[in-house]
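Visitor: From TrEMBL, for reference:
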DOMAIN    546-596  domain 'Cationic amino acid transporter C-terminal'
TRANSMEM  82-101  transmembrane segment
TRANSMEM  113-134  transmembrane segment
TRANSMEM  176-194  transmembrane segment
TRANSMEM  206-227  transmembrane segment
TRANSMEM  239-262  transmembrane segment
TRANSMEM  327-349  transmembrane segment
TRANSMEM  377-395  transmembrane segment
TRANSMEM  401-423  transmembrane segment
TRANSMEM  480-498  transmembrane segment
TRANSMEM  510-531  transmembrane segment
TRANSMEM  543-567  transmembrane segment
TRANSMEM  573-591  transmembrane segment
């Protein structure tokens, strides 16, 4: 029985240690001194300004899907109100963009939302977000690469016209169709990314410009044809909303995913010369430009052809052919190819930086944190990303896995909004003192001696100053704000889950559950609106950046929209994502938590962190 008691006690201790590891948070350096003290093999080049960021944002967002999406959504959901669907989806995406703009300018790191989650929520959530982003960028890049060959073949007169080395082939005896063209393009993009961030961004800017010119061609020529034919698509007896307002809103939920990609700008934060100014501009202008292009293309195409007569596969080419401009199909196909190439660059560009940031924190092997001294890019991570994406694109038809891309993006959008709420109301009031500061081993000739960083005297000083500095009113406010944030998040989940069609419940039960979720959401939102935001947020992170308006309403709405979309992705998608997440949990348990840079860290009040570090350095001297 004694042995059983000891075993149970060790299990409890191990479980408690795991919980502590999951919620430990890393420190943010307000002066960005972390990048200055980082060794040369881990420093990225400060080479980007906001025109480069716009090229990354627009190029990563506008894919070939818009050339197909307008037909499907107009026929099945929105009708002539297609432009309104794009507008509402753009406004919804802008909620996340506002959150990204503040956090990226305050905490400019290559880790993007992984970095924010690690600072504000904890290591466990940060790991899952980083792991989901790895899946998003790998599957996203492979899916895009597989879509290039069919569009490229149209320019040469069909798949039979492609060179044999680039054409798709089925392996005899296996139900596998290999795509050499997709793998070849991934290798070209990988080599380009390894050459330097400025070089790859210039290339992305060129192909993005070509795609934008094609869209402008569609808008200008399409407008001329619409004026010539008196806009026949809008003169219908069914009116602007043939499927009702609900259909238009359903169309907005579908086209929302056409805005995924602008978050790639935040992943480049560490390589931006003036992050406080250029990151908000890059994120905001790229999203605005995408929304305007989407809406104008929608207005023109719906005006050319009645929504019910649109071709669901090639709506734009068919619309122009119907007005006697058959050659426009080649221009539009060229636009689709350049759009896919640009999105491929945008998909493979952020992932090595996510890998690098996770490796810096010890959660992945250190080889991913190495940066080339010549090109100043994480070459090893880039090559690993390219190899994985090329193998997937070559052997697998990843179209069935495309839904998994949305999970990573929507989770990231949700965590960005949660992180912003925590920053404003309950920013971390403790900082970790890493184990390297806690001993005198191997420094100043005192090898073999060890002295704890926080002695009894230090601890008593910390306790006294904490008691004097931390007022009871401030602690109550922080506690109330914490519970209110939890209430809004839980209420968001309950309301979204009960409102989704995936839950088969009687109407009364569904409305009752929606009422409970709505009440939790409303109470939390009202409390957050009434209490003051934390004053220490001004000194947390870098100052002078963008400030998100309408907090807490804006981030709470952002969470609601993204959680609803997450829940409605389908059981099949979530089953596949769960397998990937399980693999990630296993890797974290056996490698990440044991090699984290926060292993053995001691947390002290923020006001004492700098003083203790100085005392430690003086004692070592």
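Keep in mind that glycine also has a Cβ here, set from the backbone N, Cα and C atoms.
Where the annotation comes from TrEMBL, it is an automatic prediction and has not been curated.
Keep in mind that this is a model prediction, so the values were computed, not measured.
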Visitor: Restricting to the same chain and to residues at least six past its boundaries, which positions have a Cβ under 8 Å from a Cβ of the transmembrane segment (239-262)?
Guide: 57, 59-63, 65-66, 69, 72-74, 76-82, 84-86, 88-90, 92-93, 97, 100, 283, 286-287, 290-291, 294, 307, 343, 346, 405-406, 409, 565, 568
Visitor: Which stretch from 82-101, 113-134, 327-349, 480-498, 573-591 shares the most C-beta pairs under 8 Å with the transmembrane segment (176-194)?
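Guide: Result: 327-349.
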Visitor: Do you know the DSSP helix, strand and coil residue counts for the domain 'Cationic amino acid transporter C-terminal' (546-596)?
Guide: 40 helix, 0 strand, 11 coil
Visitor: Residues sitting near the transmembrane segment (510-531): Cβ under 8 Å, six or more positions beyond its termini, same chain?
Guide: 421, 425, 477, 480-481, 483-488, 490-499, 503, 552-553, 556, 560
Visitor: Using Cβ atoms and a strict cutoff of less than 8 Å, what residues sit near the transmembrane segment (573-591) while being 6 or more residues removed from its termini?
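Guide: 18, 124, 127-128, 131-132, 135, 363-364, 401, 403-404, 406-407.
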Visitor: Other than its close neighbours in sequence, what residues sit by the transmembrane segment (401-423), given a CB gap under 8 Å and a spacing of at least six beyond its ends?
Guide: 95-96, 99-100, 102-103, 106, 112-113, 116-117, 119-121, 125, 128-129, 132-133, 135-137, 139-140, 143, 257, 260, 263, 485, 488-489, 528, 537, 540-541, 548, 551-552, 555-556, 558-559, 562-563, 565-566, 569-570, 572-574, 576-577, 580
Visitor: With Cβ distances under 8 Å as the criterion, find the stretch in 113-134, 327-349, 543-567 that has the most pairs with the transmembrane segment (82-101).
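Guide: Ranking 113-134, 327-349, 543-567 by Cβ pairs under 8 Å to the transmembrane segment (82-101) puts 543-567 first.
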Visitor: Short question: which residues 6 or more past the ends of the transmembrane segment (113-134) have a Cβ under 8 Å from it?
Guide: 21-28, 103, 107, 263, 266, 350-351, 354-355, 357-358, 361, 363, 407-408, 411-412, 415-416, 418-419, 422-423, 427-428, 577, 580-581, 584-585, 587-588, 592-593, 596, 598
